[in-house]
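Working notes for the structure below.
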Amino acid sequence: MFVLALRSVRRRPGRFLATLLSAFLGAAIVMTFQSLHDTAGRPGVDTVSSETLRMSAGVVGGYGTLLVFFAVASTLTVNVRQRSAELELLRCSGATPAQLRWMVVGEAVVVSLAGAALAVPAAGAGGRLLLEVFRDSGQVARSVDHAFGVVGLLSGFGVTLAASAGAAFLAVRRVTRGRRRHGGARSFLAWAALVCGAVSVCSTFALSGTDEMLMAPAAYGAILLSVGLAARAPRLLKGVLDGPVPGGASGWLAVRNLRQRAGDLAGILMSLILFTAVSTATLTMQAVESDAVAASGLVKSVDAKNLETLNFTVVGIIVVFVCVMLVNALYAATTYRVREFGQQRLAGATPGQVLRVVGTEALVLTVVGVLFGTLAALAGIVPFAVVRGDEVLPGQVFGVWAAVASTGAAVTLGTSLATARRVLRVPAVRAVAPAA
Amino acid sequence: MVRTGTRRDHDPGPAPEALRLVKVTKSYGTADSSVTALDGVTLGLERGTFTAVMGPSGSGKSTLLQCAAGLDRPDSGIVRVDGTELTGGSETELTKFRRGRIGFVFQQYNLLETLTVAQNTVLPLRLAGRRVDRKRVREILTAVGLGDRLGHRPDQLSGGQRQRVAIARALVTEPRVIFADEPTGALDTRSAREVLTLLQQAVRVHGRTVVMVTHDPVAASWADSVLFLADGRLAGRLDAPTADAVAERLAHLGDIVTAGV
């Protein structure tokens, strides 16, 4: 089966591009930050420098691992779903479920190995650049030199491989076993995340305005709340669709499609909610914090600077990953609908009307995702701003929010419409023909 | 596209000739590996007729239907539907023309899975921005025997029921011509008979023109006349067909073409 996996990767490299990209990005980020452990471990590094380096490596390393897992899992799930016909054919030709599982896991491992190998030079350069930033800001002593060693290399390959294999295993299991209801566990986790998030956000009020830790409970609370909302995404979408609907045949069709496909769209909505909440909350709080420090005329401590660097890095990583996931999921979801678009056109829809249906759907998704993401972000921002600067809604939130929302909208609408345009080039009669 | 300049607003009424093809040619593939699907087909069908187009696999019957219905563009020749020439024009223009005058029934039904039976039926009206008369939709669906299934989704219906929804959808816009591509190809004999009865009624009762591509002599025997197609050319015509006569003619289609008749 492994030979088959190798051959399938070699014959159709294009299909694995999204997985390769996620593995590459993930490995690059993990290696970049884990190589800070190597740097900190060099002889003659003072304790302050080494602590800064190890803390950054620890925090971002953890985030990175999770993100690699989610990104690879989302791209692989899409990949496996698109190939359900091929997998079915193999099953009919006598492949056991275990063999299929090993084939898909094998492919994922091959692709992620390639991704990790490509990431090594990128991570070397990235690590050097990161150290430069730390040295320039005075967080790390000038004398410290960059090292790229065993820890960076091993953790990079290890995390990427483990995440890919695990994600592939789950993806193929989900497809071969068919859809199962796991509503109970999911809704329990959603409520747990919402309750923990609310508690975390409220605990901000127990801290004083100058507390070093002030940002932590608010930020984590906002993230937890967004995770909780993201897990309820299909329910939220259905709730919104019960409200007033946009007019015209395209709007009518879009709303009906969204209502039926709410479950499938959960992944896209989840990415959007997380993206909006995490980036809005983190960037706004950081801006409020920086302005408050500047206003008080104090010089930032090394810890405060570390936190700032970390905040920006984490947001950067999340933005990149969520964009990859969003683009991949939307592209796949739209390509998958070639038959449906053909049917709409045969029923009398002009290409423009089909594009309007897709555009309306993307718009509704964007609005719902950004709306609930913003709610979660505000839940974290407001307590933080009240305690830190005695204001309810800091002015910084508007600029940040506008940037975040327009990025989310541009990615969602852009990918959906560009893909739909491409799909519409297939003549309608051929689009509905059963796959030859 | 619409060279005669007719619009639905001042539609002069149905033309006496529902469909006219003049020397229509269509080939697929690139120059060195080109396959001629239609080779100079000329035919005319009068309003209110039920015509079956028959021929072996690869004879070009599906291509004929797609070119006649404006779903595909012929390489050369003229296609006239309800008196209006279809040559040229963007896909948007062609779509707007199609949804006013043409109805489709396909082998694979092509109903939208996300819509209910009633919603699927009114979809062409909604897309055309026309008023949806709920009473009339119920009437049409009752006429095809699905009056009690308005809220069902396609995946809750049998193949025969789905095809009847497709026929209701094709009838709802009151088109001049209905094109059916192997409408009974995926159905059992009883469902097939129901579907053919409905198509026949559309002609006899409502005065529509039906063009049906099929490879089943029994289905073809429901039509008023059968056109035979072989290697992209017309190879004869049979009026008031019986299944046996059609099968007989079909079996010897190769001989006729090689004999050059």
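Just so it is clear, glycine is given a Cβ too, placed from its N, Cα and C backbone atoms.
Please treat TrEMBL annotations as automatic predictions, because they have not gone through curation.
Residues or ranges marked as transmembrane segment in TrEMBL: A:56-80, A:100-126, A:146-172, A:184-207, A:213-231, A:265-288, A:310-331, A:362-386, A:398-420. Residues or ranges marked as domain 'ABC3 transporter permease C-terminal' by TrEMBL: A:64-175, A:314-426.
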In the same chain, who gets a Cβ under 8 Å from the transmembrane segment (A:146-172) while lying at least 6 residues past its ends? 19, 23, 26-28, 30-32, 34-35, 37-39, 41-42, 61, 64-65, 68-69, 72-73, 76-77, 79-80, 87, 100-101, 104-105, 107-109, 111-113, 115-116, 119-120, 123-124, 127-128, 131
Can you see whether the transmembrane segment (A:362-386) and the transmembrane segment (A:56-80) are touching - at least 3 CB pairs under 8 angstroms, only pairs 6 or more apart in sequence? no
Which bits of the chain, at least 6 residues beyond where the transmembrane segment (A:310-331) starts or stops, bring a Cβ under 8 A of a Cβ in it? 18, 21-22, 25-26, 29, 56, 59-60, 63-64, 67, 70-71, 74-75, 78, 215, 267-268, 271-272, 274-275, 278-279, 282-283, 285-286, 362, 407, 411-412, 415-416, 419
Just to confirm my parser: what is the rounded mean pLDDT across the domain 'ABC3 transporter permease C-terminal' (A:64-175)? 82
Using a Cβ cut-off of under 8 Å, list the residues of the same chain at least 6 residues beyond the transmembrane segment (A:265-288) that approach it. 74, 77, 215, 218-219, 222-223, 225-227, 229-231, 233-234, 236-237, 258, 308, 311-312, 314-315, 318-319, 322-323, 325-326, 329-330, 333, 365-366, 368-370, 372-374, 376-377, 380-381, 384-385, 388-389, 394, 396-397, 400-401, 404-405, 408, 412
